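Residues annotated as motif ''HIGH' region' in Swiss-Prot: 58-68. What Swiss-Prot lists as L-isoleucyl-5'-AMP binding site is GLU563. Look at Swiss-Prot and you will find 604-608 tagged as motif ''KMSKS' region'. Among the features that Swiss-Prot reports, ATP binding site is placed at LYS607, with the record citing sequence analysis. Under the heading Zn(2+) binding site, Swiss-Prot lists CYS904, CYS907, CYS924, CYS927.
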Amino acid sequence: MSEYKHTLNLPHTEFPMRARLAEREPQRLQRWEEEDLYGAIRRARAGRERFILHDGPPYANGDIHIGHAVNKILKDIIVKARTLDGYDAPYIPGWDCHGLPIEHKVEEQAGKPGAELTYAQFRERCRAFAAEQVEGQRQDFKRLGVLGDWERPYLTMDYATEAGILRALARIFEGGHVTQGFKPVHWCADCGSALAEAEVEYEERTSPAVDVRFAVVDELALQQRVLLEGEGVQAGTASVVIWTTTPWTLPANRAVAVHPELEYVVVALDHSERLVLAAELLEATLQRAGVECYEVVGRCRGADLEGLSLQHPFLDRQVPVVLGEHVTTDGGTGCVHTAPGHGQEDFEVGQCYGLEVTNPVDGAGCFFEDTEHFAGLNVFDANPRVVEVLESRGALFHHEKYRHSYPHCWRHKTPVIFRATPQWFIDLDRHGMRECALAGIEGVRWMPDWGQARIDAMVRGRPDWCISRQRHWGVPIAVFIHRRSGEPHPQTPQHMEAVAARMEHEGLEAWWDLDPAELLGDEAAEYEKVTDILDVWFDSGVTHATVLEQREGLQVPADLYLEGSDQHRGWFQSSLLSSAAIRQAAPYRGVLTHGFTVDEQGHKMSKSRGNVVAPQDVMDRLGADILRLWVASADYSGEIAVSDNILQRTADAYRRMRNTARFLLGNLHGFEPGRDALVAEQLLPLDRWAVARTRALQERIVAAYDRYELHRIYHLLHNFCVVDMGGFYLDVLKDRLYTTPADSRARRSGQTAMYHIAEALVRWLAPILSFTADEIWGHLPGERREPVFTAEWYDGLFPLDDEPAEAAFWDRVMEVRTAVSRELERLRNEKVIGANLDAEVDLYVSSALAEELAPLGDELRFVLITSAARIHAATEAPVDAASATLEDGSEVRIAVAASAHDKCPRCWHRSPDIGASDEHPELCGRCVENVAGSGEYRATA
C-alpha cells in the first residue's frame, strides 16, 4: 500500500479534530476585540433595514447564573441570525443598577446611610459597587460569545440615563397620570419599603383562619331586610360571620362586604344565636365549626343587607355592611372583613362608601404604640393575641390552621403585608391609560401566543402602579410639595426638566444638593422636597424612552423584547404601561419568552439540592459553544433542563457537527473555487442531489431562525450532519474523493458540492456555534477578508433539474442502502465478513424497483459500499435471502456473500481484475485507470 499512498487524495486540513474550546475560545475572543468585530458588523450593515432586539437589563449584583446565560445566548443567536438575513441588528446590552439589593450589600460592607456614612457617600458607594458588578457580569457575557456594544452599554445609573428616567417621569406627569395617595401597597418590613407587583412571589404558608362574629346592632333592621321562614324571629344574638386568614388586620376593619346578587341566609343554632352568611357556603362553614343542628330562618339577597350596622368584635365602633363585586363563594362565608388600609379591593370598596383608611402598622410591621390590645406587637406575632381577644369577647366562632398561597418578598423570602402608606402612583384609569395598554397588547406578536392572554389579564386586573420607594439608591422623584395643601407645584414637569439637565453632569446629587430657591425663588418657603425615589421597575420600564429613543442607531418600537416568562408581570408590563402613558402605544412589536432552567428531574436549581450548574464552570470545562448548543437544543417555551449528563450529550452532538465540518475541510485541501469549481450542469447526479438537499434544508433553517424555533434548527443540523452527510453522502463520496485523479471531473464534482455545502453549513452554525463557525470560516477555501458574522445566507446553492423526481430517486436509493446496511451489520457481527468491502450483494426486487435503480448501474456498489452489487428479479431470490420492506410496501430480498476475490491495496475493493495489469499487478482495473490512465468514469455516484 505504501507505494500507492501518494496516488491517493487523502484529506488534509489544519482544522483540528479536538476542539479544545475551553482553551481556544478566549484566544478567539481576544482577536475579536482586537479586530473590533462588532464594529465591523455595524459597518457592513450600515444603511440596511434595522432589526432592534432591546436588552432587558439584568440586575447588577452577583455572578451570572445559568438563567442569565440562557437569556443572553438566545438574544445573541437571534441577533446574529437577523444579521445573516441582511438586517442592521445592533445589540446594546444594559444593566439595572439602582435598588435595594445593592443598598443591602453596601450597608453590609460600609454601614448604614445617616449613621456611618452620609447619604451622598452611601450613594457613591452604591454606584461604585454596581460598577464592579457590571464589570464582572460583562466579562462573563462576553465569554459566552455574545457580540454587542460592550464598551458602550446602557446603565440605569449613567448620569444621562438617570436624567432620561426623570424626563420620562416628567412626560408621564404632564400627561396627568401621576397621582398621590394613601393607599394599601405590598410592603416588606425587612426592606422597609413598598414592593412592586413583580417583586412579590407567592409561596405556601400556614396561617390562622378565623370565623368571626360581627353582632347585628339593630335587630329590627335585620328583620326588615330578610324574608323570614319557619318560626320567624328567633331568640339569641344575630351576627354576620366573616372568615379571614389575617386576624391581625381586624383592628383596621371598617366594614363587612357582601355580594349584591348572592343569596344569604339567617340560620338559627339551638335557639342560642343566629348567623348571617352566604347560602352556598352554609354547610361548609358549619361543618368546619362542628355544628350539626341548625335551622334556616330567613333569606335575602346580599343587596338587601346594605347599610346594616354591625358591632366591631373588640373595638368600640360600629361598621356597615357594604356591597362588593369582589366577594365570591370560593371559600369563607361570603361575608368579607373589609380593612381599606390593608387590601386593594377593600380600599376600592371603601372609596365607594367613604370608609376611613386606617393603618395601625408601622414600616417595621409592628402595631403603633397607641393601638388598643396590640401595641408594639409584630403583626404576625399578634395573630394569637387577636384570637385570644376574640375568644374573650365571645366573637370567635371557629379557629383553625390553614395552608394557602401567600405573598412573599422575592429578596427576603419573608411574608409581606398590605399596608396603606402615602405613595406616588401611576393611575391606570385616568385618561384611558389602561385601555391604551390593552389596545397595545393586541398589536404585538406574542411568542408563545399564550403570553397575550396572560399579560392582558394582568393589565386588566392590576391596581395602580406604585412608583415610589422610601430608600436612598435610586432616581429621586423630583417634586416640590406644598406644605399646607400637599399638592405638587404646578410647574412640576418644568422643574423635573431643570433637575434632569443638572443630573446629566452631577448625577443624583443634582436633586439632593439642590436649594429649592434656585428653582422656586420666593415660593421656596412654601414647598418641601419629596424624598422618595423611583421604583427600579420604572427605571428599566422606561428604557424605550431613555435608550431606544435616545441612542443613535436604535428605534422605538423595538422589534423584539426577549426575557423569561416571569417578565409578563415585570419588565414587559412596566415597559408597556410607561409607553402607553408616554407614547400611547406598545414599545415593542414582538415579545418572546423563555422558561426557567431546571435539573434533569425537573427540580428548580438550588444550592441546597446541589443541582446548580454554573455557566462559568461549563465554559471552563467544555467551552461556551457547548453551552450555546445546549440552549439551541432546548424547547425554551417550557422549562429548560440542564445537568452534566445533558451537557455531555450536547458535547457528543457537537463533535458530530465538528467532524462533518472537518471532513469537508479536509477534502477541500487544494481546492480553489475560482479555478476548480464546476458549474451545476457538470456535477454528477449524486452531487447535484447533495447541493439541492442542502438548499432545501437552508430554506427550512432560515425559516426556523425567522420563527425563533431554535430547537428545530438544532435537530435539522444534527440530522443533516449525522444522517444526510455522515450516514450517506460523505460516506459514499469518500471512495471517489480519495481514489480518482485529483483534477478529474469525478473528484472536482464532489469537491464542488462539498464547497457549497460547507459555505452554507458555516453560516447555519454561526449564530449558535459562533466560535466554531469562525474557526471553520478561517479554513474554508477562497479569499475571505470579512468575518462570517458579516456574511448573509449562502446564495450559491441550486435545485435539481427535476426536483421531485430526482429527490424521490435518491430517497429510494437511501432506503435500499439502509436495508442493505442492516444486513451487512448483522454479518459483520457474526464474523461472516470483516468490513463492508469484503462483501458482494445481490438484490432481488420487483421490475418497477429494478427500473428505478437502473440509472446507478455498476455504481450501485459505490452507494452500498460493497465490492459488488447486482440486481435480479424478485422471483429468483434464494430461500435464505433476507427481506426488507420499503416505505411504499415494496419488498427487497438481500443476499450477501463474502467476496472470493483479492483485495486491492489502494481502494480496498475486492475485484476479479486484480493482476490484469503487468505494470500494476496488485491493483484493480479502476485503480490502474486512476493511477496510470485518464481516470475512471463515473456517471451517477
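Including glycine, each Cβ sits where the backbone N, Cα and C put it.
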Item checked: Collapsed DSSP category at CYS927 (Zn(2+) binding site) -> helix
Notebook entry, point to check: Do any residues of this chain, six or more beyond the ends of the motif ''HIGH' region' (58-68), have a C-beta under 8 angstroms from a C-beta of it, and if so which?
Noted result: 95-97, 99, 101-102, 105, 130, 133-134, 136-137, 140-141, 155, 564, 596-597, 605, 612-616, 642
Next item on the list: Average the pLDDT scores across the motif ''KMSKS' region' (604-608) and report the rounded value.
Entry: 78
Next item on the list: Could you put numbers on the helix, strand and coil content of the motif ''KMSKS' region' (604-608), residue by residue per DSSP?
Entry: 0 helix, 1 strand, 4 coil
Item checked: DSSP residue counts for the motif ''HIGH' region' (58-68), split into helix, strand and coil -> 3 helix, 1 strand, 7 coil
Item checked: Chain-mates of CYS904, CYS907, CYS924, CYS927 with C-beta within 8 Å of site centroid, Zn(2+) -> THR739, PRO905, ARG906, TRP908, HIS909, SER911, ILE914, LEU923, GLY925, ARG926, VAL928
Check: Which has the fewest other Cβ atoms within 10 Å: CYS904, CYS907, CYS924, CYS927, the binding-site residues listed?
Finding: CYS907
Next item on the list: Given the binding-site residues LYS607, CYS904, CYS907, CYS927, state which is nearest to GLU563 (L-isoleucyl-5'-AMP binding site) when distance is taken between Cα atoms.
Entry: LYS607
Next item on the list: Measure from the Cα of the residue listed as 'ATP binding site' to the Cα of every one of the binding-site residues CYS904, CYS907, CYS924, CYS927, then give the nearest.
Entry: CYS907
Check: DSSP on CYS907 (Zn(2+) binding site), three-state: which is it?
Finding: coil
Check: Across all chains shown, how many C-beta atoms besides its own are within 10 angstroms of the C-beta of GLU563 (L-isoleucyl-5'-AMP binding site)?
Finding: 20
